[in-house]
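Copied over from Swiss-Prot, here are the features:
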- Lys107: active site, schiff-base intermediate with DXP (ACT_SITE)
- Gly168, Ala194, Gly195, Ala216, Ser217: 1-deoxy-D-xylulose 5-phosphate binding site (BINDING)
Amino acid sequence: MLEIAGKKFDSHLIMGTGGATSQTLLEKALVASGTQLTTVAMRRFRAGNNTGTAGTSSGAAGGESVFGLLNRLGIDVLPNTAGCRTAKDAILTAQLAREALGTNWVKLELIADDRTLLPDVVELVDTCEMLVAEGFEVLAYTSDDPVVAKRLEDAGAAAVMPLGSPIGTGLGILNPHNIELICARASVPVLLDAGVGTASDAALAMELGCSGVLLASAVNRCQDPAAMATAMKHAVEAGRLAAAAGRIPQRTHAEGALASSSFEGLASWDEDWAEEVL
């Protein structure tokens, strides 16, 4: 069970709505994934309606919004500050989310530049601390630097969310050692965020010790979102079970292979016995 800021979720998979090509495909993917928490950029929200049915850029005019869809499916909304590049903008966005959606949860994103979409870790830690002081439960998107991850935890983050690789690249986990180190040192949930391309990436994240995986593009931009969402659901669970089971130690060529069965009792040719028989 995944627990963040005192709230428990059966699913360890968090979905994103970015990149969805249609509301119908998004709904099918969300249902197939089994997710109970999904992140939505606050820039999708239209002021004037705090019922969760505000219009969004991903829905047809007059149709159901992403917020309405999540509400109908019983999925918790995790508003994010996607697109923000300063502490001031991120804090304002978080405040608007709390007012509009009635939640003090926020996924904090502070982007350094539009080309790489890498997080601005210098601004990130201070912003996290300010949001925590205002009563927010901050889930902080960060780099795969273990030092920054620890500083975010010290600043009060409810969860740290290191990237596997840059957003939308599908490159998987480029630095598994750092992700494993972040997990080993953390006392809050570590959620892999960004860079997942296929199910094996999600499984690896869990094997490295992550508490959960957040992904969007890998599902929403693939050829069959519902099928990929199903694959991700099973991959996260498989990785979690494998981590709990404990993998066997890896052996180098110098150490040699290790037989799974003893050589004791192995049949061998006996000349004396052969002469008697033959």
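Cβ atoms here come from the backbone N, Cα and C positions, even for glycine.
In the three-state DSSP reading, Ala216 (1-deoxy-D-xylulose 5-phosphate binding site) counts as coil.
Each residue in Gly16, Gly18, Pro166, Ile167, Thr169, Gly170, Val196, Leu215, Ala218 lies on the same chain as Gly168, Ala194, Gly195, Ala216, Ser217 and has a C-beta within 8 Å of the C-beta centroid of that 1-deoxy-D-xylulose 5-phosphate site, without being one of the site residues. Across the annotated binding residues for 1-deoxy-D-xylulose 5-phosphate (Gly168, Ala194, Gly195, Ala216, Ser217), the two most widely spaced Cα atoms sit 9 Å apart. Between the listed binding-site residues, namely Ala194, Ala216, the fewest other CB atoms within 10 angstroms of a CB are found at Ala216. Ala194 (1-deoxy-D-xylulose 5-phosphate binding site) and Lys107 (active site, schiff-base intermediate with DXP) have their C-alpha atoms 13 Å apart, to the nearest angstrom.
Around Lys107 (active site, schiff-base intermediate with DXP), a 10 Å sphere centred on its CB holds 27 further CB atoms from the protein chains shown.
Cα of Ser217 (1-deoxy-D-xylulose 5-phosphate binding site) to Cα of Lys107 (active site, schiff-base intermediate with DXP): a span of 17 Å. Ranking the binding-site residues Gly168, Gly195, Ala216 by the distance of their Cα atoms from the Cα of the residue listed as 'active site, schiff-base intermediate with DXP' places Ala216 first. Gly168 (1-deoxy-D-xylulose 5-phosphate binding site): 16 other CB atoms within 10 A of its CB, across all protein chains. Of the listed binding-site residues Gly195, Ser217, the Cβ environment within 10 Å is emptiest of other Cβ atoms at Ser217. In this structure, Gly168 (1-deoxy-D-xylulose 5-phosphate binding site) belongs to neither helix nor strand by DSSP; it is coil.
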